[in-house]
Amino acid sequence: MALPPPEVRRGVPFQNLVAGIGRVFRVHPNTLELDMKTKLFDSSTRCDKIAAFVSHSWGSPGYQKYFSLLIYEAGLPAMVAAMVAGLAMLLGQKFGRKLPFMVVEGAFDPVFEVYQESQPWEFLCSFLVGITVFVTYPLYGPVVREKLFFLDCMCIHQTDIEKKMAGIKGLGGFVLMSERLYIMWDQDYFSRLWCVYELAVYKALHPGKNNVDILPLRGSVAVLLLIPIFFAGFLLYIILFPSVAQWGIYTFYAAAMAASCVVFTGAAVAGYDFADQLVVLEKQLEEFEVRSAQCFAPEDRAEILSKIEGMYEGDLDMFNHIVRNDLKNNVLGIIRCTPTQVLPYKTLMTGLIAVIGFQFFGIAWFRDSNSETFVSFTIYMITFAWAMMPLITSICMQHGEKLYLKHPPPTGEAGLKKALQRNKWRYLKIGTTGAAAFILLWTSLAFVAPLAAANSREGEPFLGLFGPAAALPISVATCAPAFAAIWWSFRAPRKGKGKAQVEAGEEDAAGAAAGAAAGAGAEGGAGV
């Protein structure tokens, strides 16, 4: 497969790809005036390498594509910024000037007593900086790391017929130039003929490589919902805790359980909702019939089918078989690396960005306490933020998915609100179970026990066994398994028999696909 001619090779900078809150995804290019179509092409630039080939269906919601790309590209920078801001505020107050704070007394009576300070500055600073970086990333992100993307309607000329045909004929070369494939997936994706074709050609031209990224569009909605829910829950806890702490440790457990129930119940709802999309996807792939797949431009249909026949020895049923078996296993394996994963770790942590600031808020509680208390609780809060919170959230989402399989919605029913009305008590059961495991079990072992040992009175070790020297070993012993669990839950899949079979099929099809792709176009973007 040859690369397109130099004058045809085009890529779109990220800031242009998502300009106007994803305007290019929200407005179909075929509905634009000629001058606007020309401006689309002018927003791309000549290049020799493309970071990602963006494959999508024009029938999918444009705003979800925008947020999916923003989460995928800006999620990690936002988390790093939130981490740096929270840590800077913590160290600035510990070793410099303290901002206003409240001394909390009696919070853990009658188990133990410890000096504790409460103030929201680390939490607010971390969250606000992280969200600011997330929202403004399209403005400055490309300056830090220039990445070019292929989007059909911006890289293939829309008004000059000669340039347009050159771009269409060079589609296979664009695929070859692209380091990764971004699939903007929802339930319409695999019902679109060109979408399936783009994926098949990409995998054929990049056999054996794990370079396909699934960006579930409904997942972006879940992330956007998780951000304010976690922020509001943590902020409410920060505000109320100093007022109720004087009533003792039982109040701490009650408040923590209530907040956790809300968060994890919401995770179950999100998992149920997302399961609807996964079931549709699997069914689409199992029942795939290339002759029934839809195409935005009817005149393209015969040409596309002819190209696919050329790839698969003139037999469309052979292509159907590959999609229903090898491609299905490959795609589902990309989306669901492990049984407990519903969203990838980075995507999930973007939704939980508030937990990064809450981590530093908690560490600041004991910044002036004894070293055993400070170190043990710091280990607890790091584990809380980066292991246990995403782990329990993911597990609750998974149980929401299992709930969908056990109690699917009635035929014809659609919408989150109706599902919530039917399953509210089931959701609450999942959320309560997750909160109990998180607070009553793990927090008791990893938080209360080490601090009780660290602050035991002389001659009165905790439970008659554990003195201050035992605080750190208890903390490490109860927190280390959480990191092992989070790694297991979000680990990359091992290369097994099924994956090897898929890769073998891809390599067999590579030669035919490369030849056929040279004459292929892109559905919506080429405007054909």
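Using N, Cα and C of the backbone, Cβ positions are placed for all residues, glycine too.
Because TrEMBL annotations are produced automatically, they should be read as predictions rather than curated entries.
Annotated transmembrane segment per TrEMBL: 69-92, 121-140, 221-240, 252-275, 348-366, 378-397, 427-453, 465-490, in sequence order.
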Positions whose Cβ lies under 8 angstroms from the transmembrane segment (348-366), at least six residues beyond its ends: 71, 75, 78-79, 82-83, 85-87, 89-90, 93-94, 104, 114-120, 122-127, 130-131, 134, 222-227, 230-231, 234, 238, 342, 373-374, 377-378, 380-382, 384-386, 389-390, 393-394
Proximity of the transmembrane segment (427-453) to the transmembrane segment (221-240), 3+ C-beta pairs under 8 angstroms: no
Close approaches to the transmembrane segment (378-397) from elsewhere in its chain (Cβ under 8 angstroms; 6 or more beyond its ends): 226, 263-265, 267-268, 270-271, 274, 340-343, 345, 348-349, 352, 355-356, 358-360, 362-363, 430-431, 434, 437-438, 442, 446-447, 450, 472, 475-476, 479, 482-483, 485-486, 489-490
Same-chain residues near the transmembrane segment (252-275), Cβ under 8 Å, at least 6 residues beyond its ends: 107-108, 216, 218-219, 222, 225-226, 229-230, 233-234, 236-237, 240-241, 244-245, 342-343, 392-394, 396-401, 403-405, 416, 419-420, 423, 426-428, 430-432, 434-436, 438-440, 443
